[in-house]
Amino acid sequence: MSIHIGAKENQIAETVLLPGDPLRAKYIAETFLEGAEKYNDVRNMFGYTGTYKGKRISVQGTGMGVPSISIYITELMKDYHVQNLIRVGTCGAIQKDVKVRDVIIAMSASTDSQMNRITFGGVDYAATANFELLKKAYDTGVEKGLHLRVGNVLTEDLFYNDNSDFEKWAAYQILALEMETAALYTLAAKFNRKALSILTVSDHIITGEVTTAEERQTTFNDMIEVALDAVVK
Ligand SMILES: O=P(O)(O)O[C@H]1O[C@H](CO)[C@@H](O)[C@H]1O
Ligand SMILES: O=c1cc[nH]c(=O)[nH]1
């Protein structure tokens, strides 16, 4: 086991879905995976492995924010040799033409986190999705008839941020705000692994629109099926 994941080495698949919420990990395992078995409950950050359309897949909660996801994905790649990492998260939209319930594929992630500046001595790093996973997810979403958006998101350190200038970020074509993707893409690059972030718009920062719990469930299912069907393609 690693420091934060209590699995034996062979208990985690080479492809892992990564929701922030550990209860979303449980929901995904129970709803979409056959024969799912829980391999982690350290800190209640649940992780499960099962099969989807015959392919072995794991799902691991990451917690919220760059420090938390960085711990889990580092251990998944370093100690469990995970190759494909797909975040299935929520985000807040800041473009008027991005609506709640839309699914966003993050091609890249800007960030106000110090993580990359610490790593690269004050220089900015362009955190970028794996193109192969991105194309498969995009093609899958189009086949399902989903309203997909692909572009740059902002990974923020603060959910409650008194100083965030949403209009400026929107003017620079940021689609939505969330809290983990820049770390996922940067660390996947460090370990030469494939990563993608797929996000459901749960709320709209500008219009104040929010999704109901029921709507969230349906659109989460769309997003999860895009992730799962993309990796079995
Ligand atoms: O729904 P998840 O995957 O947790 O993602 C979003 O929700 C959390 C904030 O409520 C942050 O982790 C943010 O990135
Ligand atoms: O990080 C997040 C996630 C959802 N909604 C937001 O406004 N921010």
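Just so it is clear, glycine is given a Cβ too, placed from its N, Cα and C backbone atoms.
Remember, TrEMBL labels are computer predictions, not curated facts.
Its own atom aside, the Cβ of D203 (purine D-ribonucleoside binding site) has 17 Cβ atoms within 10 angstroms in the protein chains shown. Annotated purine D-ribonucleoside binding site per TrEMBL: H4, E178, M179, E180, S202, D203, in sequence order.
The feature domain 'Nucleoside phosphorylase' is assigned by TrEMBL to 16-227.
The Cβ of R24 (phosphate binding site) lies under 8 Å from the Cβ of G61, V88, F220, each on the same chain and at least six residues away in sequence. According to TrEMBL, the feature phosphate binding site maps to G20, R24, R43, R87, V88, G89, T90.
Secondary structure at D203 (purine D-ribonucleoside binding site), taken from DSSP and collapsed to helix, strand or coil, is strand. According to TrEMBL, the active site, proton donor annotation covers D203.
Among the features that TrEMBL reports, site 'Important for catalytic activity' is placed at R216. With a cut-off of 8 Å between CB atoms and residues at least 6 apart in sequence, the same chain places T90, T200, S202 near R216 (site 'Important for catalytic activity'), listed in sequence order.
Taking a C-beta cut-off of under 8 Å and a sequence gap of six or more, H4 (purine D-ribonucleoside binding site) has these contacts in its own chain: V42, R43, M45, I71, Y72, E75. Mapped onto three states, the DSSP output places R24 (phosphate binding site) in helix. Here the binding-site residues are G20, G89, and the one with the most other Cβ atoms within 10 Å of its Cβ is G89. Once the Cα atoms of G20, R24, R43, R87, V88, G89, T90, the listed binders of phosphate, are compared pairwise, the greatest separation found is 22 Å.
Proximity to ligand 2 (Cβ under 6 Å from any of its atoms) holds for none of the recorded positions H4, G20, R87, V88, E180, R216.
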